[in-house]
Amino acid sequence: MGGYILAIDQGTTSTRAMVFDSQMRVAGRAQREFPQHFPASGWVEHDPEDIWHSVVETVRLALADAGLGAKDIAAIGITNQRETTLVWDRQTGAPLHRAIVWQDRRSAPICEALKRDGLEPVFTERTGLLLDPYFSGTKITWLLDHVDGLKARAERGEICFGTVDSFLIFRLTGGRRHVTDATNAARTLLYDIGRNGWDAELAGLLGVPLAMLPEVLDCAADFGVTDPALFGAEIPILGVAGDQQAAVIGNACFEPGMMKSTYGTGCFALLNTGTDRVASTSRLLTTIAYRLDGVTTYALEGSIFIAGAAVQWLRDEMGFIKVASQVSALAEQADPEQRVYLVPAFTGLGAPWWDAEARGAIFGLTRGTGPAEFARAALESVAFQTLDLLDAMQQDWQGHDGRTVLRVDGGMVASDWTMQRLADILAAPVDRPLFLETTILGAAWLAGARAGLWPDAKGFAERWHRDRRFAPGMDAPEREAAIAGWRDSVRRCLSA
Ligand SMILES: Nc1ncnc2c1ncn2[C@@H]1O[C@H](COP(=O)(O)OP(=O)(O)O)[C@@H](O)[C@H]1O
Ligand SMILES: O=P(O)(O)OC[C@H](O)CO
């Protein structure tokens, strides 16, 4: 057995694989994009075979990049886009429908019907989630209602449901294991996060036969070994976590009060609340941050749909920049006298508003407003939205005093200007890590620690290094005026 760890990050638009050496340094890497399917308005699908091939290919390429073979790899860690829903044949492993992606809204009527029946509180109480099509549960209901014969076969135990991790493990182990981890299970609307088990009553309400659900393991556990035919030797799969939870781990947010925020296309902020399961009164989610040695650590989660996507909008629709990295320089040129606000509710607003009907708007335009003010407003909108999440978190978690340090990751944190403005608006320090690929590192750590090769959580946290701390520098009246302007702009965008 070799001393290397291989980690797979199966994301929404691409799959990455990385090989890490025993010093947790990257020894090889590969990345592949795969097609997105939009068969109807609001529908988003992936072909499970595309996902599967991208995983096998990136693993092989990362091994080749490192100049290693399967025998050199001690363990695999997997992290994945969450909530995306797959069903497949237990005998053959053949998918029975395309994967329904987390962004897909088709099950909105199912959610509305359950809400009309007054059932949201029971789902929220047990799962920490809201009745929203984002989560897997109502996507499974839709599949059972629309794929011919699926329901009867699922009741007979012939069908497997799984999130992407579960499907990949099934395939990687040659169909021997139908398992998932606690963080992925926590995103289904079927899993009681307090009791740590599938909830038969909720499954009944969604019409989901229990026979199709995977076994739920800790994040660091024995998930099976890979079929030797795939990579040339068996490799144990020892770590699994949903991607936002893996970023909590990779950013070493192991202490209650520590928070990470990932700025990619959207933004997902998770605040570690320790073994306290904090119920949100501000429509944040309560979720499992990780479960290790049978002990569950919880988090409050807020999701923002548009973060880096606002930069893409400036580039692709407005044509103000050619590449994303030009946005900071443009924002710096903005006129400090102009107060321009962009509310990027392009696909509605996420937490804490959850307003699917809200649409974007720009406020404060004058004759002198140009691309620079648009750029500044787009970047600032990310900071203001993070502030809304942080405020909601503080309101929800009364036991927690004061602002925490925020650890950040994701493509957008390359922008120093944005990170500085984030610290200014939050009036809190923002820490950017030296190693920015925290999601895949988190998955690698789960596997490496379980294999006994990498340090424990404490030792791993000591190895986390800061690239730079952005300290807040805006004076209070300016900050308050800016925040008041943002709040007013959001109010004007809400649908009701
Ligand atoms: N230098 C930059 N300044 C601001 N935004 C950036 C910069 N570089 C990348 N981005 C934004 O970051 C996003 C990509 O980040 P990434 O973490 O790769 O996202 P995802 O995993 O969601 O695909 C894009 O939306 C892009 O617009
Ligand atoms: O694949 P990403 O990075 O867009 O993350 C998707 C989230 O897990 C959805 O909940």
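Using the three backbone atoms N, Cα and C, a Cβ is placed for every residue, glycine included.
Please treat TrEMBL annotations as automatic predictions, because they have not gone through curation.
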Same-site residue for sn-glycerol 3-phosphate (record: TrEMBL; known: T12, R82, E83, D243; options: Y134, Y191, Y290): Y134
Cβ within 8 Å of the mean position of the Cβ atoms of R82, E83, Y134, D243, Q244: remaining residues of the chain near glycerol: Q81, T84, W102, R187, G242, F268
Spatial separation of D243 (sn-glycerol 3-phosphate binding site) from S14 (ATP binding site) - C-alpha basis, Å: 13
Site with most surrounding Cβ atoms, counting all protein chains shown within 10 Å, from the binding-site residues T12, Q244: Q244
Cβ neighbour count within 10 Å of G411 (ATP binding site): 16
For sn-glycerol 3-phosphate, whose listed binding residues are T12, R82, E83, Y134, D243, the greatest C-alpha pairwise distance in Å: 15
Around the Cβ of E83 (sn-glycerol 3-phosphate binding site), the count of other Cβ atoms that are within 10 Å: 25
Cβ atoms near G308 (ATP binding site) (within 10 Å, other residues, all chains): 23
Subset of binding-site residues (R82, Y134, Q244) lying within 10 A of T12 (ATP binding site), CA to CA, in sequence order: R82
